[in-house]
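S.K.: What TrEMBL records for this protein is below:
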type	residues	note
REPEAT	51-83	repeat 'WD'
REPEAT	523-555	repeat 'WD'
Amino acid sequence: MEKIPKKALSRKNLLKLLQFRENQGDSSHFLKKHCQFTEGLVKRIGLDYELQGHQGCVNCLQWTSDGRYLASGSDDTNVIIWDPFYRKQMHVVSTNHIGNIFSVKFLDTNNTIIATAAGDCRVIVQSVRGTSILDCRCHTNRVKRLATSPEEPSLFWSAGEDGMVLQFDLREQHECLTSQAKVLINLNKVNHEAKCIAINPTKPHYIAVGANDCYVRLYDRRMLKAYSFTEVSEDSEQNDLKPPTLDKNCVQYYSPGHLAFNNARVHNVRFATTYITFNSAGTEMLVNMGGEQIYLFDINNASPINEIRKPVFTEKETNSNKYKCRCWPEGNGYVKNSSYTNKPVNTGKKCACFYMRRAYECYRRKWMGDIYSAARDYLHVIRNWPDQIKAYVGLIKCLVALKWVDDAELWYDYLCNINPEFNGTNQARLLRETIQTVKNTPKDGFGEREMCDMKSHKIEEDEAERRLNSKDYDLRFLGHCNTTTDIKEANFLGDDGNFICAGSDEGIIFIWERKHSSLVTALFGDVSIVNCVQPHPNACFIASSGIDSVVKLWSPTSEDGRQNIRIVKEVNSVIEANQHRMAMDPFESMLVNMGYQIQGEGSLQDLPNCRTC
């Protein structure tokens, strides 16, 4: 087949794509890929319709693979199958759950069998007509997520807060609490809860697991052996289940560097991975980090987190004058704070000034992850423009701010070695004094807040080693707040994944452009909290849900000039408030969220009576 011309791939060149489709009849996939979500369509997205039928919070949504139907699971323990385009209920499936439903999945190509997971520790499989197929009670704590693989329709997996990932095969008979149950992954060894799970769509042997910490574990199922689940009596401890020793190469950890290092030997319950998803190519992993930001990892080309801590370069890594910088200091290629969007003024090749200015703004702003992000930018400048002394100084300051003083000393010595003249400057003296002051400052013990955030158990050496060998993130997305619930999602929009969407604690849906991590639009999505945002597999269409008992459908509005009342106008203020809220004590944050609800609604009768945690 003839390749699509590069000009036709431009989002702005819809006419050429249509012409190419006429000439090449088998290129409709490319048209869908490049036109499903465009910037013009995303900016016009507004509320289309509200699907009403549930009697409680809607905690999970799932489209069928063809996008014809939508399933929703709720605190009312029902699953509703919707035809969203005709805006009607197709089936109301009454489950046997006695706890909030947290996850729902279609298991067959005919969309007649569904699996649900809930707070009653059960996984249930049944037909949409109500016929029971499986009722599993093997988990001993809430089951938060299910995962399926299109290539293996008989298999699915569950992630529970008992720390276990169970593997189910519908071709086999299942008996609960016997040797028939298959434990694929057990996090009990590190006393963790499994919060979310995802299967790589193109390499289904890769399974990603998120827990109540800042690490995403990517396992190779080919190197795992599902083992039998020993019966647990009521008076025995779940930790009595000893998982088999893992092959050292069967799992790779992913985590933002500043979190990975600082939590390698402690269990900080302040963070939790609430959602994981892969892009359609299976090359990128999007992670919504509870208590922090949203991160995107390049699973094939991710950098190790320790590369920033030691000045060790190869000739290949250092590329002097890659793009000659002509604009310092006036034309820095960056708008101050960029209205919190990180969007550059131009999209051409970026010079050192762009990264230096962005690093400086992050260092000064000091939102969560900003100091580390600044350090990464300074390191990028050092590698590509090694003559920029200010980049070395900036990196050292960042390392000191992160309290990585030993690493700051290494970089300081390295700078003085490659530039002996710097050693005699006043700037060098001040930098050296700062390092020494921080180094001589006694380390404080944990305060009351820190003690609440830390669980007192020993992290074993092999686990600590895996954490310290984590891979770092590629991009991060700022704006939302994820502190109140542990089921908050983030998703790629469209087959090409050039846009990212997520819900937030204050009830807003954020949509970012992926390449520059820049915010495109923000929409009022819920009276209180938006947890779920699920894009349609084929159309520019999004389903969302949260504390409200309705499912909201979003699509591009008409171009008749009418105002979209759902668009958040003072988005910068919202983003700044969210960043401060994430830095709060969790209890204080909860009070702020309650206050937001009361101020936003005029009557207490309108407040939702449930909140999923």
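Every residue gets a Cβ built from N, Cα and C, even glycine.
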S.K.: Counting by DSSP secondary structure, give me helix, strand and coil numbers for the repeat 'WD' (523-555).
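M.R.: Taking each residue of the repeat 'WD' (523-555) in turn, the totals are 0 helix, 19 strand, 14 coil.
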S.K.: Mean pLDDT across the repeat 'WD' (51-83), rounded to an integer, is what?
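M.R.: Taking every residue of the repeat 'WD' (51-83) together, the mean pLDDT is 97.
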S.K.: Going by DSSP assignments with H, G and I as helix and E and B as strand, what are the residue counts for the repeat 'WD' (51-83)?
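M.R.: Final tally across the stretch: 0 helix, 19 strand, 14 coil.
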